[in-house]
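Feature list (source: TrEMBL):
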type	residues	note
DOMAIN	103-289	domain 'Peptidase M48'
BINDING	His166, His170, Glu231	Zn(2+) binding site
ACT_SITE	Glu167	active site
ACT_SITE	Asp235	active site, proton donor
REPEAT	456-489	repeat 'TPR'
Amino acid sequence: MPSQLQIIEYSGLIIRNLLRLSYSYQQINKPRRRMQLQKLISALFALFFAFSCAQAASQQDRLPDIGTAGGGALSVEREQIMGDLYMRQIRATAPLVADPVLAEYLRDLGLRLVREAEGIRFPFTFFWVNQKDINAFAFFGGHVGINTGLIAETRNESELASVISHEIVHVSQRHLARQIETSQNNGGLALAGVLGAIILGMVSPDLGMAALSGSIGGIQQSQLNYSRMFEQEADRIGMDILVRSGFDPQGAPAFFGRLAEKYRYSSKLPEMLRTHPLSENRIADTRQRADLLPSPINRDERRYWLAKYRVYARHLQSHTEQTFRQQLSANDPAIVAAARYGIAIVQLDRGDAEAAERTLAPLLTAEPRNPFFIDVQADILLKQQRYNEALAMLEQAYLRLPNEQTITLNYANVALEAGQAQLAVDLLRAYLQKESDNVLAIDLLANAYAKLGKTSEMYEQRAALYALYGNFDEAINNLHNAYKQNGSELEQRRLQARIDQLLDKKRQLAALQR
Ligand SMILES: [Zn+2]
């Protein structure tokens, strides 16, 4: 798959392992009862994406007060457990972007918006899906996915932020939970069915992406009754968040208006328009509200442009060196810098490290601590085996920005390549204390332990990785291996506790299924 291949470009070492892992994951879990699964998962995904296209006027008089946050069938705690399980499944099936630079950018942007939202009950996580289709989606437990195709379609950061804040509201207002309750009350999809679909979906990861792009046509109208109200609520509250976070409120009507215009006569709508239908009314409402609000002037959008052109160059691979060169004469210096950055990535990714270094040099001189630039420079130096230069650059950056995942992961990766596995272990362990579910960090750490001959520790990290991919059996196997390799009684007790934890998690799954 191209999306996975291009992740290999980021770091061959890292991704070979991830590919192997998800491969064996799929080997282990052969899909059973395929047809039924497909149906269940389609229904489930429909719900995930179905904050949507309801006409359902006949049911309007039975609508509950929009202000009640459905606390009935789905407790916040249960919602989090489901979100966690579903995230594990997505890791194993969707073409997620394993790119620390973009991850850091999206997290900063997302959390900046979350800070201005009300009713936040759990920490939010944001992730990229490498798909051309224009889409963003939110599900249980504060997980928000953004397609690379979405940032590619936006024209400024406020447009991107308007979509993300809209999705944040779907989560903070518990639209999904409320929608499920509604469908239950109407005798639609039973909660047990929804939960079962998640669990069955985990057993059959190859169905995940098919379902992601599947249609929602099969779902009954009665299950989508409140969607239009939820859409309005997400638009309204989303714009408040947008403005409070310092973005331009015009971003929302500009983006949605352009999208509606673009696809007005199209028979094939992007996923986002299918799940968030744009009526004339909705756009007019949004525009009216935006016109009453102040627009900030001279926003600094340099990181947005770098992120977007990085997506073009490395993930969507939609731009050639020539396309980027045409942008070098743009009026906006942020666009010119991003175009130069895009050229450097294209050059590096086709193997021309010397050219890439020359292209990147002026950018790096101007901003020596910019993680976007440091990341590309680290790969340039790595390709030429200039380990000492790379280590010196990253050490300096790390001392100033010890919490930046781009710098930490690059530093650890270079240390590992340069034969300094212990340094990599120290860096990664410190990092994982702060962000325990970073798959790249865990994978690098497993490699570092392998190089040091610390087999028990290596198995333990592999277990952590399998668990993040929802494969609890393989995780427990690896923990048993770790246990056998470890002579310390104290460590064995700790490993046994971890095994018990994962067994609990498995039981939790079974319980949800009933
Ligand atoms: Zn929506």
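Positions of Cβ are set from backbone N, Cα and C atoms, glycine also.
Comparing C-alpha positions, the residue listed as 'active site, proton donor' sits nearest to His166 among the recorded positions His166, Glu167, His170. Across the residues of the domain 'Peptidase M48' (103-289), the predicted structure has a mean pLDDT of 77.
A 10 Å cutoff on Cβ-Cβ distances gives His170 (Zn(2+) binding site) a total of 25 other Cβ atoms nearby, all chains included. Candidate recorded positions: Glu167, Glu231, Asp235. Those with a Cβ under 6 Å from ligand 1, in sequence order, are Glu231. With DSSP classes pooled into helix, strand and coil, the tally for the repeat 'TPR' (456-489) is 28 helix, 0 strand, 6 coil.
Glu231 (Zn(2+) binding site) sits 10 Å from Glu167 (active site), counting Cα to Cα.
Sequence-distant neighbours of Glu167 (active site) (same chain, six or more apart, CB under 8 Å from its CB) are Ala136, Phe137, Ala138, Val144, Ala234, listed in sequence order.
The Cβ of Asp235 (active site, proton donor) has 22 other Cβ atoms within 10 Å, all protein chains considered.
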